[in-house]
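Take a look at the structure set out below.
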Amino acid sequence: MPSMRVTTDTWPRRAAQEPLLLLLLRSSLMKSASLQALNPNRAMAAMGRSVRVVLDSSVLLDPSGVTAEEEEVVVALRPGAEALLRRLRYSNLRVAICHPEGLPTNESGFLEKTAKLYSFGYMPLTSPSGSNLLNELMLEWSGTNFCFYVTSGVHEGLLSELQNHNWEVIAMGNEDVIKNSGVIHISMLQELLITLATSIKKEIGNSSAFVVGYVMKQSREEDFAKRGAFPIYPSKNDLIFVPLSFELPLASQLQEVDLVLHKITDEIINIDPNSSISFPKGISFSPGMSEIIRFVEEHCDFCVIDPFKNIYPLLDRIQIQEILIRLEGLSAEGRPKLRAPCFLKIESFCGSELQKQLAEAKLSFPLIVKPQVACGVADAHNMALIFKIEEFSNLSVPLPAILQEYIDHGSKIFKFYAIGDKIFHAIKNSMPNASHLKSSSGGKPLTFNSLKTLPVATKEQLLQNEVQDSKLLDINLVEEAAKLLKELLGLTIFGFDVVVQESSGDHVIVDLNYLPSFKEVPDNVAMPAFWDAIKQSYESRKQMTQT
């Protein structure tokens, strides 16, 4: 990583051009259709000013380069830049990439393609006419925008011009080189997002603004981010989201954020199934997650959404069953029966012993076999549908396991999401009735992964079972169940699946999970509910710790 330098006699071409940055930036952003798509009116709603981030090429390009056999330098992003750009793309910040005039064609072309890929503005710094307007334009920008210029090399003239017009300069490199300059220093590119987040919060000066640090696997983060869930620019209710990086000291990051939103199960390395009834004993977490857990234990007033102890029961399908059984009191005369599926825990697939257990539990075929561990490990979603006792032989589902009755439900599943105080639901196609599955099984157990290869009813099967969905479901009953589950679980955001048994009309809750994706809920409805749920939960928990 190059050191940061202050100089008046090096980089002469760049020194002459860099003060023109704002004029060029304005021109480029006005022409950028991709940035117009970010909807400035939406962005202005939270604090009345857009936030613009200009990334100099020096912080993006790998300074080492890679020399190929032909002695040509291979242009590449420096480590950490790809993740940074991916997150900035959905941050609701106005982002542009700039570089000095005279940059080699392969480098400028690479930067232009990169800007296009991430929907950023792009500008080579060339000499415009009418440079006497420069100061007026700089003043105009600083009056209507909160602006950051990010670089790994700072020219004194540019630094002075930017600071005179209220630009924040973030410099990556050696802090000792520039002293008393007002420059914000970072050592690594991975520090930039949390630096932006805390600077924006400071600029807002609003006690209702909170920085939310979040932890989850990359694929889940990207899914949420693409839907606008994690803006660094404040949400409508003043939440600023920033990912916590395991590449940086976590203690300092946790001191900068107000709360942590997490999907703790994404950070599970291993679970001892023999300890599942006494979670968290027997769970091995990633080093980063383990450090967060220790920090929270040592700082009892620190807010996490949601408390780890409230989530552990959802890792065990036996404990989930026991929670769902407590909902059966909601059933009343004149209403459908609300219940959990009938089940049995087993330690072995031994035929003779199993036959006896099934008789005692009053379970009959077909049965779904599920691992007792509900999530956090690779095989937690490997399941099987069994039609007769002989099919347990050589079954690959991990033990211990639970056997659940298979419920004919007309190939419809109702997915419910509790997001704070709001409850949403969606209807999805599901597995066919047992008779269809048995005829296609070829006399073998039907094995599947419930996240990837779940057998779904065909169009013909759906037509055979066609019933108006509104007549199938007692929404009021299930919403009452959602409210009771919220009390029992102590969770801010959770989901559960309901099927309606064709023969009886029973409403059976077949799955329960923490922080689902709720993809089926329209983003314009789901995201405000998501932000409100987080803020309300934080404020409620803070009140509890202060009383």
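Along the chain as shown, residues are numbered 1 onward.
In case you wondered, yes, glycine gets a Cβ from its N, Cα and C as well.
Some features that Swiss-Prot has for this protein:
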{"type": "BINDING", "residues": "LYS263, HIS381, LYS415, ASN513, SER517", "note": "1D-myo-inositol 1,3,4-trisphosphate binding site"}
{"type": "BINDING", "residues": "ARG317, LYS370, 404-415, SER430, SER450", "note": "ATP binding site"}
{"type": "BINDING", "residues": "ASP497, ASP511", "note": "Mg(2+) 1 binding site"}
{"type": "BINDING", "residues": "ASP511, ASN513", "note": "Mg(2+) 2 binding site"}
{"type": "DOMAIN", "residues": "327-539", "note": "domain 'ATP-grasp'"}
DSSP-derived structure type at PHE414 (ATP binding site), helix or strand or else coil: strand
Binding residues LYS263, HIS381, LYS415, ASN513, SER517 (1D-myo-inositol 1,3,4-trisphosphate) - maximum C-alpha distance in whole Å: 20
Rounded inter-Cα distance in Å - TYR406 (ATP binding site), LYS263 (1D-myo-inositol 1,3,4-trisphosphate binding site): 30
Binding-site residues clustered about ARG317 (ATP binding site) [Cα within 10 Å; pool: LYS263, HIS381, ASP511]: ASP511
Closest of GLY410, LYS412, PHE414, SER430 to ASN513 (1D-myo-inositol 1,3,4-trisphosphate binding site), Cα positions, binding-site residues only: PHE414
Local confidence of the prediction over the domain 'ATP-grasp' (327-539), expressed as mean pLDDT: 89
Residue pair HIS381 (1D-myo-inositol 1,3,4-trisphosphate binding site), ASP408 (ATP binding site) - Cα distance, angstrom, rounded: 20
Residues near SER517 (1D-myo-inositol 1,3,4-trisphosphate binding site) in space but at least six apart in sequence (CB under 8 A): ARG220, ASP223, PHE224
Long-range Cβ environment of LYS415 (1D-myo-inositol 1,3,4-trisphosphate binding site), under 8 Å and at least 6 residues apart: HIS425, ALA426, ILE427, LYS428, GLY495, ASP497, GLU520
Distance from ASP511 (Mg(2+) 1 binding site) back to ASP408 (ATP binding site), taken between C-alpha atoms, in Å: 16
LYS263 (1D-myo-inositol 1,3,4-trisphosphate binding site) and SER430 (ATP binding site), Cα-Cα, nearest whole angstrom: 26
Three-class DSSP secondary structure - ARG317 (ATP binding site): helix
Which of GLN404, SER430, ASN513, the listed binding-site residues, has fewest other Cβ atoms within 10 Å: ASN513
